[in-house]
Amino acid sequence: MASRVMYRNVASVPFSSKASSIRNEAIPAHLSMFHSSLQCKFRLSSCMKKRHRLIIAATESGEGDISQPISTEKEVKHGTVPSSLYGLNKASNDYATWDTLTGQMAGSATFAFLLFQVPQISLNFQNLTKGNAAALFAVPWMGQLVCLLGNLSLLSYFAKKREVGAMIVQAVGVVTTSVVLLQLTLAGSMPSLVFIATAVAVGFGLILNFLNYNKLLSPQIWYLWEDVITVGGLAVLPQVMWSTFDTILPPSLVPGIGSTVVALSLVILRRLKKLSPDITSILSSVSAWTATLLFMWGPVAQIWTNYINPANIRGLSVSTILLAMIGNGLMLPRALFTRDLMWFTGASWGTLLQGWAILVTMYMNKCIPKPLFWGAGVGLAFWLGMMLATDAKVYSLSSPLSPLRELFFGRIPAKSD
């Protein structure tokens with residue numbers, strides 16, 4: 001039977017006697033319905049001056065021995081090994097540098113998200129104190145609610161992956177969006193009972209994530225929480241999507257009730273171990289992808305509100321929209337570098353839809369000046385181009401679009417000559 005190749009921790013691999021120390025860090029595996037990959041990143045120490053072959057491929061036999069040496073740039077370019085494992089000579093330095101920079105950029109996104117809702121909160125406060133509660137109806141509470149639930153679910157996802165920077169971003173999003181929802185409730189836009197239920201869920205979610213990250217929570221409780229956010233996300237998303245277009249669709253609870261029944265059935269069957277391994281694997285990633293879709297629906301609801309009520313657009317804060325675009329844009333390079341499809345999907349949607357697309361609707365209604373609009377557009381285009389070109393360079397890929405191909409379809413080996 002043909003052996004299957006898997007990648008092992010390079011720490012156990014022998015090196016030549018003249019090799020200096022090598023530091024290896026493993027990027028956590030991400031299992032989803034769309035993408036499954038295991039990537040490793042290697043850094044060569046500064047004293048490594050000679051070319052060495054790294055034994056990084058293993059044959060998964062009964063013992064899983066490590067046996068096959070690979071190293072050359074030609075092997076990488078022809079798809080013999082994944083480009084993510086190419087860490088030699090000049091490419092290794094570029095890889096390590098971009099690895100560090102993308103991590104720092106993702107961390108700096110925290111500052112953008114710390115201020116993200118502040119302009120909107122300030123504007124809402126001014127309108128409330130002036131008795132202009134109607135201005136707050138420019139902010140759809142359903143859009144804010146799905147963003148909050150998305151942040152809460154993604155907080156659990158990143159807590160499990162122990163991505164501290166991303167965790168902080170999601171936690172900040174949960175708290176600040178909760179403040180906006182409180183203001184919308186005071187204005188009469190959001191039903192009080194819905195806000196109370198949301199506040200309770202947020203409180204439990206923050207506490208459980210904190211305890212789980214610090215390893216103070218039993219696995220059984222955490223698994224129960226994951227089931228709750230899976231069912232909750234699948235129940236809320238279809239209902240909110242339907243209700244967003246309530247001006248053209250008849251009122252109905254069928255989407256929410258139907259999706260709740262399906263989600264509960266799947267979770268119960270998984271607990272009883274009645275699902276096939278493939279369905280179980282897919283269901284394990286559903287909560288994270290549902291969280292991303294919840295987060296993605298927020299700007300859709302806002303754009304629709306702007307379309308049907310253009311007179312209320314001035315109730316939006318352009319600073320909040322710009323900060324959303326900047327914060328998500330800063331996380332894009334890291335999401336692409338780690339080939340995390342779910343993270344990249346959410347961050348790119350936040351950059352292009354929650355940021356740029358909403359700016360387009362504001363520009364069309366003459367709510368922002370032309371220099372600001374075009375300046376933001378040119379800056380965004382330059383940033384995306386730089387990200388793709390740099391990622392392709394550090395992975396020794398032939399085209400700036402190749403990183404996207406790897407992200408969505410995995411490494412496609414080139415045909416042998």
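Quick reminder: no glycine exception, Cβ is built from N, Cα and C everywhere.
Among the ranges 320-342, 343-365, the stretch that TrEMBL annotates as transmembrane segment is 343-365.
Simply put, out of 164-186, 223-242, 281-301, 281-301 has the most Cβ pairs sitting under 8 Å from the transmembrane segment (343-365). Remote same-chain partners of the transmembrane segment (248-269), defined as residues 6 or more beyond its termini with a Cβ less than 8 Å from a stretch Cβ, comprise 227, 230-231, 234-239, 241-242, 275, 279, 283.
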